[in-house]
Amino acid sequence: MAFVTHQIMRAMSSSATRNAAIKHITVIGGGLMGSGIAQVAASTGHTVVLVDQAEDILKKSAKGIEDSLKRIAKKKFADKPEAGAAFIQKTMKNLTTSTDAASVVHSTDLVLEAIVENLQVKHELFKTLDKFAPEHTVFASNTSSLSITEIANSTTRQDRFGGLHFFNPVPLMKLVEVIQTPMTSQKTFDALLDFSKALGKYPVSCKDTPGFIVNRLLVPYMVEAIRLHERGHGSKEDIDLAMKLGAGYPMGPFELLDYVGLDTSKFIIDGK
């Protein structure tokens, strides 16, 4: 009986560890990606703090999130406007904002960074927050081009550091690349996978390699389209149309470059 009890307790303990869900998250960066991540997390019942440097940025972010929720509610609750209003109210209640990251990470389970693609800036951010976040807190970056290992090296918690690469627009795109560095513990990796699923996303496992999976394949395709046009072998319009009708892509490479943003695309290319 004692053996059985011990086995049950150990199973419960193991389950509790495996299912130590990420409930409270701090998203650093109130731009398009950070706001999208915050919106999805808040709408799936997580407590979210969205952080940026200025109040006016955060007000704009909150307004953008609320407008996005209204569009979703209009479709999702077309015949139940009261349920839609309740959905918006509940989601916004889960979301707060702050301009002081250090003061809000003391009780968070996950710090997720979605700021400018600059390694030094990311280093400074995580080095600072590493001093204030509790030991259990997992750190993650939404970078699409920089090495997760390099970013993690600015902290003392390389084993509790991973990548969560979301795609724009976050509320609509289902994929999340979950990146595991050589130092990321299995417990941390599992927690990030579970968190992605809790958001209603489809996580794919990636090693910390330049471009991960999607951009490793996608960026050379876009660059080759640019070269094709520069050589005078096709107009931008014809190249886009060819890939949409010939390959079944929803966007051509030049449409995609405009959608992603030329500055972001350059950061990704440089990172590869």
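Any Cβ shown, glycine's included, is placed from N, Cα and C.
Per TrEMBL, these features apply:
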DOMAIN    24-209  domain '3-hydroxyacyl-CoA dehydrogenase NAD binding'
BINDING   Ser68, Lys75, Ser144  CoA binding site
SITE      His165  site 'Important for catalytic activity'
DOMAIN    211-269  domain '3-hydroxyacyl-CoA dehydrogenase C-terminal'
Cα-proximity to His165 (site 'Important for catalytic activity'), 10 Å cut-off, over binding-site residues Ser68, Lys75, Ser144: Ser144
Fewest Cβ neighbours within 10 Å, where candidates are the recorded positions Lys75, His165: Lys75
Which of Ser68, Ser144, all binding-site residues, has a Cβ with the fewest other Cβ atoms inside 10 Å: Ser68
Helix, strand and coil residues within the domain '3-hydroxyacyl-CoA dehydrogenase C-terminal' (211-269) as assigned by DSSP: 45 helix, 0 strand, 14 coil
Mean of the pLDDT scores, which run from 0 to 100, over the domain '3-hydroxyacyl-CoA dehydrogenase NAD binding' (24-209): 97
CoA binding residues Ser68, Lys75, Ser144: largest Cα-Cα distance, in Å and rounded to whole number: 30
